[in-house]
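Since the structure comes first, as C-alpha cells, the remarks are kept for the end.
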Amino acid sequence: MTIPEIYVMRHGETEWNAMRRMQGGLDSPLTETGRAQARAMGRMLAARGVGPATHRILSSPQGRAVETARLAFGTAPQPEPRLREIAMGDWSGLDRAEIDARWPGPPGEHFIDFYARAPRGEGFAALWARCADLLAGLDGPSVLVTHGMTSRVLRTIATGGSRADLARLPGGQGVVFRISRGRHDRLAAPLAVGDGGG
C-alpha cells in the first residue's frame with residue numbers, strides 16, 4: 001500500500017488520562033496541560049510548514065480529538081469516524097485497578113493483549129480493518145488527529161508492520177509522528193508525556 005505523507009497526532013491529555021481511566025468510546029475534557037499540548041503540537045507543525053493550507057486535517061469525531069485539532073490548527077477539522085479510539089466495552093470509564101479486580105488477566109500481560117480482551121470491546125481485527133481502510137483511501141498529505149491505540153495501529157499499518165510490531169512503537173501525548181515513504185519519525189513538542197490510555 002502506498003500512503004502519502006501523514007502526521008499522526010494523539011489528542012492532548014484529558015481528565016481521564018490524568019486519572020488513568022479507560023476512555024475508549026467515551027469522552028472526557030482536555031486538561032489545561034492537554035490544551036497546552038495541543039497548541040504546542042500545532043506550533044511545532046506550523047514551523048515545519050504543516051497546516052490546513054498544505055495538509056488535509058482529519059480528526060476522530062470524539063470531543064478530545066476535535067478540541068485538540070481546533071487548538072492546534074485554529075480551524076474545525078474534517079470529522080473521520082475511522083479515527084475514533086478502540087471501543088473498550090465494559091471497561092469504558094474504569095481504571096486499571098477496577099478492571100483487574102473484576103477481570104484479572106495473566107501476570108505480566110502485555111498492554112496489547114490487555115486491550116484485546118475487553119468484554120464487549122471492539123477488538124483489534126475491527127480496529128485494524130478500519131485503520132487500513134482509511135489509509136488506503138488517503139489521496140494527499142494529511143494530519144490524522146486520533147487516540148493512543150488507534151495511532152499505534154495506523155502507524156503500524158503505514159510502515160508495513162504487523163500486530164507483533166505494535167508494542168515496539170512509541171506512544172505519548174504532545175507527540176506527533178511523521179510517516180513518509182514507510183519511515184516513522186517521532187516529533188516531540190514541549191510538554192510531551194508518555195502513554196496514558198485512550
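Glycine is no exception: its Cβ is also placed from the backbone N, Cα and C atoms.
Just so you know, TrEMBL annotations are computer predictions that nobody has curated.
The structure displayed is predicted, hence computed values, not measured ones.
The active site, tele-phosphohistidine intermediate feature in TrEMBL is assigned to H11. For H11 (active site, tele-phosphohistidine intermediate), applying a Cβ distance below 8 Å and a minimum sequence separation of six or more within one chain yields L30, G34, A38, S60, Q62, R64, A65, E67, T68, V145, T146, H147, Q173. Annotation note: H11 (active site, tele-phosphohistidine intermediate) sits in a coil segment as assigned by DSSP.
According to TrEMBL, the active site, proton donor/acceptor annotation covers E85. DSSP assigns E85 (active site, proton donor/acceptor) to coil, not to a helix or a strand.
Counting every protein chain shown, 32 other Cβ atoms lie within 10 Å of the Cβ of R10 (substrate binding site). What TrEMBL lists as substrate binding site is R10, H11, G12, E13, T14, E15, W16, N17, R64.
Taking the C-alpha positions, the distance from G12 (substrate binding site) to E85 (active site, proton donor/acceptor) comes to 14 Å.
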